[in-house]
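Chemist: So that we are looking at the same thing, I have put the structure below in structure tokens.
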Amino acid sequence: MVVGRGLLGRRSLAALGAACARRGLGPALLGVFCHTDLRKNLTVDEGTMKVEVLPALTDNYMYLVIDDETKEAAIVDPVQPQKVVDAARKHGVKLTTVLTTHHHWDHAGGNEKLVKLESGLKVYGGDDRIGALTHKITHLSTLQVGSLNVKCLATPCHTSGHICYFVSKPGGSEPPAVFTGDTLFVAGCGKFYEGTADEMCKALLEVLGRLPPDTRVYCGHEYTINNLKFARHVEPGNAAIREKLAWAKEKYSIGEPTVPSTLAEEFTYNPFMRVREKTVQQHAGETDPVTTMRAVRREKDQFKMPRD
């Protein structure tokens, strides 16, 4: 992995991050004070598929997905188009494809400008509300980015047309990746704006949860610390949560992303992936996954974040 440089030195950024953390301020607030330039890029090189993690706005992520064999690339949720164009040029790749997870402005709001900057782009998404859409997709639709396979997974709940993108290299030994937008976060999930607890259960446990355990999870926002604080509240005896939280605080303090996680990891510390576990059900006062999902999401929406 290669980490890009920010505008502050490591010590200065660490001090600022630690100060924010002591006051209970999350990564989004660091973004407000410092802007996106102080959140570092990250290049994840697993083989043929490379993923450039591009911080955007205050806590969003865009992802440049590169096929190293053909030098063709796709961009996931390009809310800051010029930054996308610059990243593609830096890597010397041809941007051909836009993968939009959902229609919210902080994910799809850059589509119209990007198609003006880069002609001939194919814009994929599962919702007619997505700007500049050229290819509407449904559950299990497939497409290619160079030699990479992309499978579209419908995960309605956060929005009714939400799509996650599962990317793999046929015949390759490298782990696959899934770009989850606002359905699955590190240690969390998206709010149920246009769906139900039953739909989120299906999305997390039946659609995403059945992907290979080593699948890299690239989510839409940097919410990891606060998500883990809530997870700790739900399962105070869970050592995996404590360890991941300490790790995430260190990453945050130096401006580095906490993505990707893996699906296997999510099943150890994400309360929304653990709604079948007795410890989570007992905390919620429920006995089945759907009612537990509903109760835990309701509690998370009202949770007062501790300042540690």
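Cβ coordinates come from backbone N, Cα and C, glycine included.
Straight out of Swiss-Prot:
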TRANSIT   1-13  transit peptide
BINDING   His102, His104, His158, Asp182  Zn(2+) 1 binding site
BINDING   Asp106, His107, Asp182, His221  Zn(2+) 2 binding site
MOD_RES   Lys116  N6-acetyllysine
BINDING   Lys191, Phe192, Tyr193, His221, Glu222, Tyr223, Arg297, Arg298, Glu299, Lys300  substrate binding site
MOD_RES   Lys229  N6-acetyllysine
MOD_RES   Lys229  N6-succinyllysine
Chemist: Quick check on the binding-site residues: of Asp106, Glu222, whose CB has the lowest count of neighbouring CB atoms inside 10 Å?
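Modeler: Checked Asp106, Glu222; of these binding-site residues, fewest Cβ neighbours within 10 Å: Asp106.
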Chemist: Judged by the number of other CB atoms within 10 angstroms, which among Asp182, Glu299 is the least packed of the binding-site residues?
Modeler: Glu299
Chemist: For Asp106 (Zn(2+) 2 binding site), which of the recorded positions Asp182, Lys191, Glu222, Lys229, Glu299 has the nearest Cα in space?
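Modeler: Checked the recorded positions Asp182, Lys191, Glu222, Lys229, Glu299; minimum Cα distance to Asp106 (Zn(2+) 2 binding site) goes to Asp182.
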Chemist: To the nearest whole angstrom, state the Cα distance for the pair His102 (Zn(2+) 1 binding site) and Glu299 (substrate binding site).
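Modeler: Cα of His102 (Zn(2+) 1 binding site) to Cα of Glu299 (substrate binding site) measures 25 Å after rounding.
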Chemist: Taking every protein chain shown into account, which of the binding-site residues His104, Lys191 has the largest tally of Cβ atoms within 10 Å of its Cβ?
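Modeler: Answer by Cβ density within 10 Å: His104.
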Chemist: Rounded to a whole angstrom, what is the C-alpha distance between Lys229 (N6-acetyllysine) and Lys191 (substrate binding site)?
Modeler: 17
Chemist: Measuring Cα to Cα, how many Å separate Tyr193 (substrate binding site) from His158 (Zn(2+) 1 binding site)?
Modeler: 5
Chemist: Where the distance is taken from Cα to Cα, which of the binding-site residues His107, Lys191, Arg297 turns out closest to His158 (Zn(2+) 1 binding site)?
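Modeler: Closest recorded candidate to His158 (Zn(2+) 1 binding site) by Cα: Lys191.
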Chemist: Which chain neighbours of the Zn(2+) 2 site, leaving out Asp106, His107, Asp182, His221, have a Cβ atom within 8 Å of the mean position of the site's Cβ atoms?
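Modeler: Output for this site, in sequence order: Asn60, Asp77, Thr101, His102, His104, Gly181, Gly220.
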Chemist: Applying a 10 Å Cβ distance cut-off over all chains shown, what neighbour count does His107 (Zn(2+) 2 binding site) have?
Modeler: 27
Chemist: Only counting partners 6 or more residues apart, tell me which same-chain residues put their Cβ under 8 Å from the Cβ of Arg297 (substrate binding site).
Modeler: Cys189, Lys191, Phe192, Ala197, Met200, Phe272
Chemist: Using the Cβ centroid of His102, His104, His158, Asp182 as the reference point for the Zn(2+) 1 site, which residues of the same chain not in that list have Cβ within 8 Å?
Modeler: Thr101, His103, His107, Thr159, His162, Gly181, Thr183, Gly190, Tyr193, Gly220
Chemist: Looking only at Lys191, Phe192, Tyr193, His221, Glu222, Tyr223, Arg297, Arg298, Glu299, Lys300, the residues listed as binding substrate, what is the longest Cα to Cα distance in Å?
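Modeler: Taking every pair among Lys191, Phe192, Tyr193, His221, Glu222, Tyr223, Arg297, Arg298, Glu299, Lys300, the longest Cα gap is 21 Å.
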